[in-house]
Amino acid sequence: MVDSPPEQSAEPISAPTPRRRHALRATGLLVSVGILLLVCVASIAVGAKSMPLSDVWHGLFHNSGAGNDVIVHDVRVPRTLLGLLVGAALGLAGAVMQALTRNPLAEPGLLGVNAGASAAVVSAISFLGVTSLTGYVWFAFLGAAVVSALVYILGGSRGATPVRLALAGTAVSAALFGYINAVQLLDAAALDRIRFWTVGSLASADMGTIGKVAPFIGVGVLLALLLARPLNAMEMGDDTARALGAHLNRTRILSMLAVTLLCGAATAACGPIVFIGLMIPHLVRSITGPDMRWILPYATVLSPVLLLGADVVGRVVTRPAELQVGIVTALIGGPVFIHLVRRKRMAQL
Amino acid sequence: MPVKAIRTPGGLSVRVDPRAAVAVLLLAAATAATAVVLIGSGDFPISPGDVIATLLGNGTAAQEFIVQDLRLPRVLVGLLVGASLALSGAIFQSISRNPLGSPDVIGFGQGATVGALSVIVLFHGGAAAVSAGAVVGGLVTGLGVYVLAWKRGVHGYRLVLVGIGIAAMLTAVNHYLLTKASLIDATRATLWMTGSLDGRDWAQVWPLLATCAVLVPLVFVYGRPLRMLEMGDDAAYALGAPVERTRLVLMSVGVLLISVATAAAGPIAFVALSAPQLARRVTRAPGPNLAASTVMGAALLLVADWTATNAFGERQLPVGVVTGVLGGCYLLWLLVTERKAGRI
């Protein structure tokens, strides 16, 4: 019978942290916030239409109705804000999933959670004629919840190896994208709308969208940040965590709720976007070490840096057309994923 | 049932598992029966007896035309595509030692799709060019995955994970091509991406038949070392199997098979994934079950095609929709049972 090699041990447990390391991490977080601000400026200043920085500055604070003011105020600022929200959501969801499943390859895109949200939204568009984002969101939550529960059942409690979980997620995604294809095929009118949405893009951002998804993502972010301490305990293994007095099931359920809120809202707002939730937690862990109390805040700040950065790149490389951000993150994330897989530790799975 | 070995005076020996042999024969019979039913059904129904008579050259002129020119080539394409997909799936599941390590999960199907979509969207090419694009895309992807997974040998798990990474990137490229297309091209591309046997004729049969005639025997020659590979590289080396050569040859053949099948009918979902697993459950034999998988794939695709064209009243669906839905259900079942057994 087809069989698999022995399980991989969990992340190494950090050494006791002296006061100086705390200070360093705090400084690092501040620097990250600075980088995020710079990327936000780039996201507002760079676009299909180039304009002097003075115009950008003017448009930020005064909307006179002139061309450049309108572009900055009604197009680029909402797009940047949405990028901030969605980036933070996906990065945090990835970090929580990796901790919850104790699996370095866990990621909402790779494990099919985004595909689940997409399939539910596509069904809503095609069969129920739902056209508004307010309608999408609830279907996206439903799809994300079902798939994250499935992934958790498959890979959670008894600890699947990274390969098993990644394979299960890919297979579920393949099934769901096959379904999405079939729906598009049977409904040409839906195809025209769905094919842009399924790519993953920030291009359709407006203040209305942001207002609708921001509360959900806000609650998700708060919930995830509050879970840092119990997730730390979870990472030491079920028995140790129980011995330390952690509420395993409560943590699991709250974590899945956070992942569902974050992925569902993010996917409803801009379609499935992959690999943000994989890359950022790995990058962050190399800076902070395994402590979730630092990983989660760092991920919240650095994930939007990656997403907005990818979005700016996508706007610049094929000017005046643009490459959707979901495509850019997949093209950046694929090689990173392959690099992670080729690393010695991962190769011996 | 015990496995019997047949030895020839020349020193060749063939091991035969009676249960597996019976299973292959029964599956082949079921496939043939489905083919006859499929040829007989349509706007101009022909009874099974007449179909067989026509195939033997004793039909009326009208029946000759319908069977020989319209329905036989379509059924043959279905048979060959199903068999190629399943054999490719059996090879890769065996090499990766994982029931989910099938070529449509680890990027080769997506690679062929990128090739074909590029032809449709960027060059508005005809059917032959689309097929060529699919083969080239599949081969380039196969080569890329092999090179990236190489690190003092190709380990099955690294192969699968690298394939998953590549598949994600290729899926993004596919989505991008779809957004670039006009709505007409996008519809054509989506139809192609679902996988269909509609309108297939002898022009698709011959290349498929030629490829299978060369590749299938090659796979069976390497069947025994492949079986040893399933025990792990070290054990296979110890047993004298040419590990890296077997893997290279079989991977090349597997990529070619899925590329050619995808070129002929589009990326038909889940046959490569499910046929080898179903075959394994029918034969209850260890090892890659190459023969049983091949026949199972052909049977699956023909049954799915019959369902797609007849089960939904007036509406004829492409076969890929049916394999997609059935495959999705099968997959969930596989995930749950294999998880319970602790195998995935």
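Glycine is no exception: its Cβ is also placed from the backbone N, Cα and C atoms.
Owing to the predicted nature of the structure, the values given are computational and were not obtained by experimental measurement.
Database features (TrEMBL):
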- B:20-40: transmembrane segment (TRANSMEM)
- B:75-93: transmembrane segment (TRANSMEM)
- B:105-123: transmembrane segment (TRANSMEM)
- B:129-149: transmembrane segment (TRANSMEM)
- B:156-178: transmembrane segment (TRANSMEM)
- B:202-222: transmembrane segment (TRANSMEM)
- B:248-270: transmembrane segment (TRANSMEM)
- B:290-308: transmembrane segment (TRANSMEM)
- B:317-336: transmembrane segment (TRANSMEM)
Whether the transmembrane segment (B:202-222) meets the transmembrane segment (B:75-93): three or more C-beta pairs under 8 angstroms: yes
Leading contact stretch, B:105-123, B:156-178, B:248-270 vs the transmembrane segment (B:75-93) - CB distance under 8 Å: B:248-270
Listed stretch, out of B:20-40, B:105-123, B:129-149, B:317-336, that has the most CB pairs under 8 angstroms to the transmembrane segment (B:156-178): B:105-123
Same-chain residues near the transmembrane segment (B:129-149), Cβ under 8 Å, at least 6 residues beyond its ends: 106-120, 123, 155, 158-159, 162-163, 166, 170, 192, 204, 207, 248, 251-252, 254-256, 258-260, 262-264
